[in-house]
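Accompanying notes for the structure given below.
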Amino acid sequence: MLPRALLLSFCAAALQLVSSKRDLVLVKEALSWYDAQQHCRLHYTDLADLQPSGLWKLYSLMTSTPAWIGLFFDASTSGLRWSSGSTFTALEWGQKLPEFGVGFCATLYTWLKLPSIGAASCTAQKPFLCYCDPDVGHLISTKPSLSLTTSPKPAVVQISGQTFMRFDQVMTWSSALLYCRSHHTDLADLQMVTDETGKEALRSIMSETEAWIGLYLNANSGSLSWSSDLGASIPSWLQVPMMVRGLCTALGIYMTYSPKVYSVNCSSLLPFFCFYDSSTGHRASAELPPLFHTSPTEMTEETTPRPGRAVASVGSGTDRRDTAAATEAQHLSSESKEKTSAQKSGHPFGILKADFTISTLMDPEEMKDQFLRQIQEVLKLTLGHEQFRLKWVSFEVNKK
C-alpha cells in the first residue's frame, strides 16, 4: 500500500468533482476496455463502477458519447462483473440492460438526458471513466484474472505454406485487423488461394455467417487493396462486390455454393479470418489502412461512412452465380422520398424495392435474411445512426 500522503496527492491531481474521498474523472483518450482499465489502475484506482454514493458525480461527467466503465461480461462465469471485484446488481434507475456476451464490455452515456448502459466489443476504442479512492490507491500491481473472452480456439487450415484461421469472436474490421496483426500476420489475404485444393481447404473453416477478410477499398488510391500490403492481386474465383469508402469485405458461404464476398459497414461486429506468413511475421506496428480520407490517427470506429453502394457476388469458373446485387444507397434514399409516407402507431414507414439476381435453383424466401442484411448496410450509410427496422414483405420474379 502506498503512503497515505502520496495517495492523496495522486488523487488530487485527477480531481474533477470533489465531494467525498472517492472521486471520478473522465479520460477522453480513446482506448480499448482492457487498456482503459490499465490506465485507470496506473493513474487512479480502477474503471468506474456505479456505487449509489457516486452516481450524481458520474451523471455530471456523462455525455452522449459512450465511455467505458468497469462492467464486463466474465466468460468464466457467463455473467456480468465489475473489474474492481464488486458484485453486479440491478441498476439504480431500472434500465433494462442490453444483451451482453463473450467479448463485450459496458459503456455509459446519456440518452434524452437520462443515463444509459450500452454494450460494445471490448476491443473498440472509446473514452473512459475512472475512479480514485485514496484509501485503496493504485491497483496496477493487482491484476486479477479477468476473463473478457474465452481462449480463442480458431478453426485452422494450411494453404500454400500459409496458415489461415477463423475466429468466432466478433469485432469491428479495424479491431479484428489489430488483433490479427498482434497475434498472427494480418487479416486474411487470399492471394495464395488460387486452386480448387486451396478453396476446399478454406471452405472447411467457413460458415454462412460472414467473417472479415483483409480486402478493403483504399481511400487514397480508390482501388482495392489487401491490408497485409503483400500485393494487390485478387484470385479469379473471388468475385468482389462494388465497394465505397466505409465498407469492408467479409467472406461467407451459402449451402454448397461457392464462397461469397459481402460488402459490410466496417463498424459492424463480425467474426474474422486471420492468416500467418512465416516470412512476414507479426505486423503489430504496421500503418493502419486508409479506409477514409483522414490520417490513420483520425480513423475511429464511430466514423459514419458516406452513402454508397453495397453489392455481393460470387463465382467460380463456369459455376458463377451473381447474387444479391444490392441497390445503390442514394437511389434507395431518393426513391423512398418519392413514396407516400404513412403513419402507423405514430411511426413513419416507407416501401423500398431492391433488385437481386440469383440462380433459379435458389429460393429467395430462404435467402431473405441475407438480402435484408445487405440492404440494411446500405441504409446505414445513408441514415447514419437513425433507428430503423426492415421487414420482408414479398418478392416478385422479373420475367423480362
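Using N, Cα and C of the backbone, Cβ positions are placed for all residues, glycine too.
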Cys274: disulphide-linked cysteine among Cys132, Cys180, Cys248 [source: Swiss-Prot]: Cys180
Disulfide-linked residue for Cys130, taking Swiss-Prot as the record, within Cys40, Cys105, Cys122, Cys132: Cys40
Selected from Cys11, Cys105: Swiss-Prot disulphide partner of Cys122: Cys105
As recorded in Swiss-Prot, which of Cys132, Cys266 forms the disulphide with Cys248: Cys266
Which of Cys130, Cys274, all disulfide-bonded residues, has a Cβ with the fewest other Cβ atoms inside 10 Å: Cys130
Cys122 (disulfide bond) in three-state DSSP notation: coil
Average pLDDT across the domain 'C-type lectin 1' (26-131), rounded to a whole number: 82
Same-chain residues at least 6 apart in sequence whose Cβ lies under 8 Å from Cys180 (disulfide bond): Asp186, Leu187, Ala188, Gly214, Phe272, Cys274, Phe275
Most Cβ neighbours inside 10 Å, all chains, among the disulfide-bonded residues Cys40, Cys122, Cys266: Cys40
